[in-house]
Amino acid sequence: MSYQTIAIAGFIYMLSMPVYIVYILTKSKKIGYAATGILSAGAGIHTYGFVQRFKEMYEINQSFLRSIPVTNLYESLVFFVLCLVTGYLLIEWKYRKKSLGVLVSIIAGITISLTELLGISKEVQPLVPALKSNWLLAHVTLSFVSYAAFGISFITALLHIITETENKKSFKYIFSTVLMGLMFFMFVSAVIDTATASNPKTVRMFHSTLGNPSLLVSILSWISLIAIATVCWKYGDLIKRILYGFKIDAQFLEDITYKAIAFGFPVFTIGGLVFGAIWADQAWGRYWGWDPKETWSLITWFVYAFYLHSKFIRGWRGTKISMIAVFGFLVTIFTYLGVNLFLSGLHSYGSM
């Protein structure tokens, strides 16, 4: 089954994270190549699982375009991670800088784990009528390609804020380091949740840590979360020294942030909004209806439009502009996951 292959890819992504950390600590080229090799192997297996999923969809739908596996929450998460990892590997290959792989592997591992921990259905099902359109490939696929680009900009913007902020009491520094600590805790929790689950089909996020039935374990987990966030805040300046040791300076991080958004924004504009409006007209008889997904997609567009406007018209530089990129991806996550999980609307076919 395709979901089993993709689960293996998720495990390999998780495995690459500690190898990237060892590479950062040792600066060993061999370990660096090993980290890249593991992440690349995960991407290869992931691609194979994606092709398997396509074949399973094609057996039901008998249509090439309508069998692209991006039609529900599980498939879209899988495709997002594949785009994110592939995009990062291209950046790593072009710039010969591997240390960003730590955060990429964390996001990839957490996202694949979410497909298990949120109880998301992985069953291959016939398309609902609203999805039986050839605009599906153009609209949905391009949307998630842009999301992956925004994900890369989030990583580099987050690191840029941490490396450029001198005052540890500033909101930007506290927010960025605590957010990084939360991401690391979620990664560790996802590993523990998956490893300790007696039945993978009933596993839930944080069931072994924050949401543990044992009050003692739950309290210790909360203490651990606070401790991790505090350590990230206290020693965030180490990240700056580590990145500089690999010749990754603030200008490089800011440039990659901009290039990722400059790529993702027009793709999102055309694929997410324009093609989405055309698809909506064919499916529901109107181009725009202020559905929650449509509304939040427009909010996402305005945030990244503001980023580009601020950079080129207002001349903003440094951490101020990077904060917009970080905020933009948080809005993107809500548009992507929050609307599906918490709000009802015409896009509810993408829910669990």
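Every residue, even glycine, has its Cβ placed from backbone N, Cα and C.
Automatic prediction, not curation, is the source of TrEMBL annotations.
Because the structure is a prediction, the values reported are computed rather than measured.
What TrEMBL records for 71-347 is domain 'Cytochrome c assembly protein'. Taken from TrEMBL, the feature transmembrane segment applies to 6-25, 32-51, 71-91, 100-120, 140-161, 173-195, 215-235, 256-280, 295-312, 324-343.
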The transmembrane segment (256-280) vs the transmembrane segment (215-235): 3 or more CB pairs under 8 Å: no
Chain residues outside the transmembrane segment (100-120) and at least six past its termini with a C-beta under 8 angstroms from it: 3, 6-7, 9-10, 13-14, 16-17, 20-21, 24, 35-36, 39, 42, 73-74, 77-78, 80-81, 84-85, 88, 91-92, 151-152, 155-156, 158-159, 180, 183-184, 186-187, 190-191, 193-194, 200-205, 207, 248, 341, 352
Spatial neighbours of the transmembrane segment (6-25) far in sequence, C-beta under 8 Å, 6+ residues away: 31-32, 34-35, 38-39, 41-43, 45-46, 49-50, 53, 78, 81, 85, 98-99, 101-102, 105-106, 108-109, 112-113, 115-116, 187, 190-191, 242, 246
